[in-house]
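> Please find one structure pasted underneath; my questions will follow.
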Amino acid sequence: MSQFYYAKPPLTRSMGEEVLRLAMPAIAQLLLQSLVFLLDRIMLGHYSTTALASMRVSSSLDWCISTTFSGASVGAIALMGRAVGANKPALAAAVVRVCWLFSLILGMAIAIFSWFALDDILGWFPFGSVEVQTAAHEYLRIVLSGMPLQLSSMMAAALLQGSGNTKTPFFVAAIANGVNFAINYGLIFGHFGLPELGVRGAAIGTVVAMGVNAIVLGRILYRHLQTISPRRRGGELAALGRVLDLSAPIFSERLFRSLGYLGFTAILATLGDLAMATYEVTESIELIQYQIAEGFGIATAAIVSQQLGAKSLKSAAIGGQVSLGLAIAVLSVGSIMFLLVPQGILEVFSQDPEIVAAGVPCLVIVAIAQPFMATSIVLEQVLRGAGDTRTAFYISLAGWFLVRMIATYLFVFIFHLGLIGVWMGSTCDWIVRSAILLWIFVQGRWQKIAVL
């Protein structure tokens, strides 16, 4: 279950089977990882509209911080995959040692800073009513304290996935989610004789789940290090330098993406608490689809990096094509469901009739976006797996600031389309981004990037 792979995928297995072998556990792991926060949203949606709306603020800030500073995991996947494909276990071991420690230290620095600066941070983003801001503060105070656990568990999962082992993170995430569900149910609503803590209870459950992920995955990585490199040390600083060099564009991309996302949230906040709560529900639904595409993207990055490391350019291209086709097909099934049973899907997250009524037309727009989102995510991972992280950065930057922000502003403030306009803006971004990435993929220059 918890094994590093030091050989390229068997050529006797069809590429479609290989993509699914890597993608399915990655998808399950990502969905379970997201379920930590989705459970918060679902349970808080049944707790109160204010609590649900507060998640638009708190989840936005937590997502921006965690995704930005976990950018090093993308470079780690690329270098780990190349080391595996080139059969260099010493390099793989050095990457594991230094990247996991780096993520832990970085998480501690963020936790300490946020503890003292949270009031100022929320003051910069005065989204929603006073009640929403108060609830968001309570949630973030607890969740950001667990940032060392969150970043180190994300890095550990990335290192295992980069080596070709996508199953272990899935099983660990399943355990963590079981713990999170039990704690959430008890502390949000006051069951099992526990106090009713609302948003604070959700935050506590999330941090405990992060801790389970971090401790178990960290232990697994340590055990593997004893197997593949029990006494040898060295190469850590060089490995970290390579990872950071690969990750610098990712960090920049995610930083600007986070700024764009917060600007996007600021536009949304002008529409009121009901719109924020409705968007939180519809985004939670789309997040499931997004993580499925990310799972195919992880499989793609692993296959592309390993095949390029083994000098098999044709197999790398085929892997990208197969992953793209599968991702589009699966996400299109989700689109059909959004069109056929939108009300039933929305009611899983909230029983508020106003939220459900406002969310139904939004899901129609979300359905249109899915094939384009799948294309963008998978092809960005092709570039990253090949080590071409800078191109992905420039495309993401243009998508957020030249397409999404401008389109959303026009749809909301000029054409007065409200919440539907917010979703139309994000859909325009996915359409433009997918067209550019398809053109770059077909050109094939990404196959000639030097990493090792």
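Cβ atoms are placed via backbone N, Cα and C, with glycine included.
Take a look at what TrEMBL says about it:
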type	residues	note
TRANSMEM	20-39	transmembrane segment
TRANSMEM	59-79	transmembrane segment
TRANSMEM	91-118	transmembrane segment
TRANSMEM	138-158	transmembrane segment
TRANSMEM	170-190	transmembrane segment
TRANSMEM	202-222	transmembrane segment
TRANSMEM	322-343	transmembrane segment
TRANSMEM	355-379	transmembrane segment
TRANSMEM	391-414	transmembrane segment
TRANSMEM	420-442	transmembrane segment
> Six or more residues beyond either end and a Cβ under 8 Å away: which residues meet both conditions relative to the transmembrane segment (59-79)?
37, 40-41, 91, 95, 99, 102-103, 106-107, 110, 114, 121-122, 125, 127, 136, 140, 143-144, 147, 150-151, 154-155, 157-159, 161-162, 239, 242-247, 250-251, 253-255, 257-258, 261-262, 265, 280, 298, 301-302, 305, 384-387, 389, 451
> Quick check: do the transmembrane segment (420-442) and the transmembrane segment (355-379) share at least 3 Cβ pairs under 8 Å, counting only pairs 6+ apart in sequence?
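Since 3 or more Cβ pairs under 8 Å link them, the transmembrane segment (420-442) and the transmembrane segment (355-379) do come into contact.
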> Would the transmembrane segment (138-158) and the transmembrane segment (322-343) count as touching if the test is at least 3 Cβ pairs under 8 Å, pairs 6 or more apart?
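The answer is no, given that the two segments have fewer than 3 Cβ pairs within the 8 Å cut-off.
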> Near the transmembrane segment (20-39), which same-chain residues lie under 8 Å Cβ to Cβ, leaving out any that are not at least 6 residues past its ends?
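Residues packing against the transmembrane segment (20-39) from afar: 13, 59, 62, 157, 161, 164, 166-167, 169-170, 172-174, 176-177, 180-181, 184, 202, 205-206, 209-210, 213, 284, 287-288, 291-292, 294-296, 298-299, 302-303, 323, 326.
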> Of the stretches 91-118, 170-190, 202-222, 355-379, which racks up the most C-beta pairs under 8 Å with the transmembrane segment (322-343)?
355-379
> How about long-range neighbours of the transmembrane segment (355-379): same chain, 6 or more residues beyond its ends, C-beta under 8 Å?
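Residues 45, 49, 52, 274-275, 277-279, 281-282, 285-286, 289-290, 293-294, 296-297, 300, 320, 323-324, 327-328, 330-332, 334-336, 338-339, 342-343, 345-347, 399, 419-420, 423-424, 426-427, 430-431, 433-434, 437-438, 440-441.
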> For the transmembrane segment (170-190), give me same-chain residues lying six or more residues beyond its boundaries with a C-beta closer than 8 angstroms to one of its C-beta atoms, as numbers and ranges.
1, 25-26, 28-29, 32-33, 35-36, 39-40, 43-44, 47, 157, 196-202, 204-206, 208-210, 212-213, 216-217, 220
